[in-house]
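J.: Here it is, the structure in full.
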Amino acid sequence: MPDTLPMTAFILIGASTLLLTLGVVPVMRRVALQTGTVDKPSARKIHASPVPLLGGAAIYVSFILALAFFGDRDYINEVVGIFVGATMMSFMGLVDDRWGLSSYVKLLGQLVAAGILIYSGVRVQIFGNWLDIALTLMWVVGITNALNLLDNMDGLSGGVAMIAAIFFTLLAAMSGQYLVGALAAALVGACAGFLIYNWNPAHIFMGDTGSLFLGFMLAAVAIKLRFPSNSVTVTWMIPVLVLGLPILDTTLVFISRLRRGKNPLTTPGKDHISHRLAYLLGSRREAVLVCYLICCAFGVAAIFVSQASFREAFVVALCIAGLSLYALWRLEFRNGGVRPQ
């Protein structure tokens, strides 16, 4: 199948994944209730009653089935490493949701999954040496954890992942990259189907099964996205912009927790962008919607950069970096009216 495949093929994959997810989520919800795989209320959580997990399992199953039935099998050799790594992430998340895993065990698992990607040829290509391997490990682990940390409000992580995947699909269609578009479109459908059950008040959570899977897949899709006509710098600005909100949120959380002498990886808290926005706006739903808008703004900037000259892209990058630093300063050092917990 040629790389110039029309957008309709991506829409078919996304729609089929959406329908599959709508059917699989209720099944996984019943399984979660029967097996006791639920997220129980606690002082650091915002829900008042147990909520079934395994929404992430529905996302994973629907994603795999849709691509197996509707994807182009000519590309199967290129996705083996991605699917093996993603499956490992989902299984590790499932174990964590049911029995619990330490942060360090999960970090080790993420490094192994990233190593599988590298071994299969999916890696950052900037320097052409061992630095690319190090950057790939940092990117995959960083984005995976960013999505995991972002999963702190109903509809947030799934919605942000869906919006990011939409922009990856559009960028793939614009540049004629079938594999990237197919993977991203399947993520769009899976997240959209899940969000119907996860919007506030949520009937099911994705758990680590979903957040680790989505983070890993978005990181892998970003690596596969290519813009040969652009410089390496501009090419890598694009996925960084698409995933700008998770990156910004993780940066804020790390700064905030380090300033308070806390371990950023193991310390829970209501110190995310979403929590601060909810406090300022007085509504969790509005906070999530604002996060969606921010994610869309980053995505539009990414599309502009993909078509821009180096000078234009550099100016956009400077403006966005300046706005991001100002936002971090307002939210953390001026506190934005919020006292991190």
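Cβ from N, Cα, C; glycine included.
Automatic, uncurated: that is what TrEMBL annotation is.
Straight out of TrEMBL:
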- 6-28: transmembrane segment (TRANSMEM)
- 49-69: transmembrane segment (TRANSMEM)
- 75-95: transmembrane segment (TRANSMEM)
- 107-127: transmembrane segment (TRANSMEM)
- 133-150: transmembrane segment (TRANSMEM)
- Asn148, Asp208: Mg(2+) binding site (BINDING)
- 155-172: transmembrane segment (TRANSMEM)
- 178-197: transmembrane segment (TRANSMEM)
- 209-227: transmembrane segment (TRANSMEM)
- 233-255: transmembrane segment (TRANSMEM)
- 287-307: transmembrane segment (TRANSMEM)
- 313-331: transmembrane segment (TRANSMEM)
J.: For Asn148 (Mg(2+) binding site), list the number of other Cβ atoms lying within 10 Å of its Cβ atom.
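T.: The Cβ of Asn148 (Mg(2+) binding site) has 25 Cβ neighbours within 10 Å.
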J.: Select the range from 75-95, 133-150, 178-197, 209-227, 233-255 that forms the most Cβ-Cβ pairs under 8 Å with the transmembrane segment (6-28).
T.: 178-197
J.: Count the CB pairs under 8 A between the transmembrane segment (75-95) and each of 155-172, 178-197, 233-255, then give me the winner.
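T.: Ranked by Cβ pairs under 8 Å, first place goes to 178-197.
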J.: Count the CB pairs under 8 A between the transmembrane segment (233-255) and each of 133-150, 209-227, 287-307, then give me the winner.
T.: 287-307
J.: Going by DSSP, is Asn148 (Mg(2+) binding site) part of a helix, a strand, or coil?
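T.: Assignment for Asn148 (Mg(2+) binding site) reads helix.
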J.: Need the DSSP three-state call for Asp208 (Mg(2+) binding site) to compare against my parser.
T.: helix
J.: When you look at the transmembrane segment (49-69) alongside the transmembrane segment (107-127), do they share 3+ Cβ pairs under 8 Å, ignoring any pair fewer than 6 residues apart in sequence?
T.: no
J.: Can you tell me which of 133-150, 209-227, 287-307, 313-331 gets the most C-beta pairs within less than 8 Å of the transmembrane segment (178-197)?
T.: 209-227
J.: Taking residues 6+ outside the transmembrane segment (287-307), which of them lie with a CB under 8 Å of any CB in it?
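T.: Sequence-distant neighbours of the transmembrane segment (287-307): 153-156, 159-160, 163-164, 166-167, 170-171, 174-175, 200, 227, 230, 234, 237-239, 241-245, 273-275, 277-278, 281, 313, 316-317, 320.
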J.: Same chain only, please: residues at least 6 beyond the ends of the transmembrane segment (209-227) with a C-beta under 8 Å from a C-beta of the stretch. Say none if there are none.
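T.: Contacts of the transmembrane segment (209-227) (Cβ under 8 Å, skipping residues fewer than 6 from its ends): 53-57, 59-60, 63, 82, 85-86, 89-90, 92-94, 96-97, 106, 110, 113, 117, 122-124, 136, 139-140, 142-148, 150-151, 157-158, 161, 164-165, 168, 171-172, 175, 177, 179-180, 183-184, 187, 191, 194, 234-235, 238-239, 242-243, 246, 306.
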J.: Near Asp208 (Mg(2+) binding site), how many other Cβ atoms are within 10 Å of its Cβ?
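T.: Summing over all protein chains shown, Asp208 (Mg(2+) binding site) has 25 other Cβ atoms within 10 Å.
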J.: Six or more residues beyond either end and a Cβ under 8 Å away: which residues meet both conditions relative to the transmembrane segment (49-69)?
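T.: For the transmembrane segment (49-69), the far contacts come to 13, 16-17, 20-21, 24-25, 27-29, 31-33, 37-41, 79, 83, 86-87, 90, 93-94, 97, 182-183, 186-187, 189-191, 193-194, 197-198, 202-214, 217.
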